[in-house]
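Notes follow once the structure below has been shown.
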Ligand SMILES: CCc1cc(N2CCCCCC2)n2ncc(-c3ccc(F)cc3)c2n1
């Protein structure tokens, strides 16, 4: 049963190439979310420090952002740092917290040029000042872009997000701003950090882990899941197209809407 959940064949290049020409341009997932796992393991396999995996993982983001934009994906959410990641060794956390500014230094001009809107989902207040300043600049510089939304989940945890939404709604009912009958699924969705974004249609998780890890638990209620053994630094455009091809087979429209 477990094998049905994973896509071993994603490792065979010829299968991936076969899928290349089969994407239906009218059934590209509106929102793709990715848990980018396996960076440390990738480095360890090569006798490199873990940070080498993070650095290579960032290069993969650049490729997948470009491909997503080209394919017409509406929102690309990337799980870059969870609330649990603070438990990692301080030198690794310090390195990770420098990646946003490193990424944006080279990529922000291209993202602006490509009409991409950068968004952050998570608690920015706990980030180091240099990290927060870099992401806030990217948000401000791309605020008026109306192309693909590039949404980085940063210092994000789904259960914390839901607790804050419940508190927010409770306060509104207590203050008479809304009635208890208005507390419905739409009100909760709007109160989450992803408020305004459509729910993910497709979740991709790399490195063979088959779990959600406290990621978008409410928002992923109806998403298609695609798991692969491929480690994030080895993830390619072919793998991404394979995931979308599988998604399209599962949501085949047979001409319907
Ligand atoms: C703060 C943790 C972190 C880790 C990280 N990794 C490590 C995890 C997975 C692999 C990718 C490299 N990346 N890659 C890009 C960003 C980034 C975040 C926000 C932003 F606005 C622009 C870029 C990033 N952020």
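Glycine residues also receive a Cβ, built from the backbone N, Cα and C atoms like all the rest.
Per TrEMBL, these features apply:
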{"type": "ACT_SITE", "residues": "37", "note": "active site"}
{"type": "ACT_SITE", "residues": "85", "note": "active site, proton acceptor"}
{"type": "BINDING", "residues": "37, 224", "note": "Mg(2+) binding site"}
{"type": "BINDING", "residues": "38-42, 50, 54, 82-84, 86, 88, 205, 211-213", "note": "substrate binding site"}
Which number gives the other C-beta atoms within 10 angstroms of the C-beta of residue 86 (substrate binding site), all protein chains shown included? 12
Taking ligand 1 as the reference, state which of the binding-site residues 38, 40, 83, 205 have a Cβ closer than 6 Å to one of its atoms. none
Rounded to the nearest angstrom, how far is the Cα of residue 224 (Mg(2+) binding site) from the Cα of residue 212 (substrate binding site)? 13
Let me make sure I understand the structure: which of the recorded positions listed (38, 40, 85, 205, 224) has the fewest other Cβ atoms within 10 A of its Cβ? 85
Conformational class of residue 224 (Mg(2+) binding site) under the three-state DSSP mapping: strand
Considering Cα atoms only, can you say which of 37, 42, 85, 86 is the nearest neighbour of residue 224 (Mg(2+) binding site) among these recorded positions? 37
Is it possible to get the count of other C-beta atoms within 10 angstroms of the C-beta of residue 83 (substrate binding site)? 17
What's the CA-CA gap between residue 42 (substrate binding site) and residue 85 (active site, proton acceptor) in angstrom, rounded? 18
Just the number: how many Å between the Cα atoms of residue 83 (substrate binding site) and the residue listed as 'active site'? 15
Which whole-number value in Å describes the distance between the Cα atoms of residue 40 (substrate binding site) and residue 85 (active site, proton acceptor)? 13
Please list residues from the chain of residue 37 (active site) whose Cβ is under 8 angstroms from its Cβ, counting only those at least six apart in sequence. 205, 206, 207, 209, 231, 232
With every protein chain in view, what's the tally of Cβ atoms within 10 Å of the Cβ of residue 212 (substrate binding site), excluding that atom itself? 15
Please report how many Å separate the Cα atom of residue 54 (substrate binding site) from that of residue 85 (active site, proton acceptor), as a whole number. 13
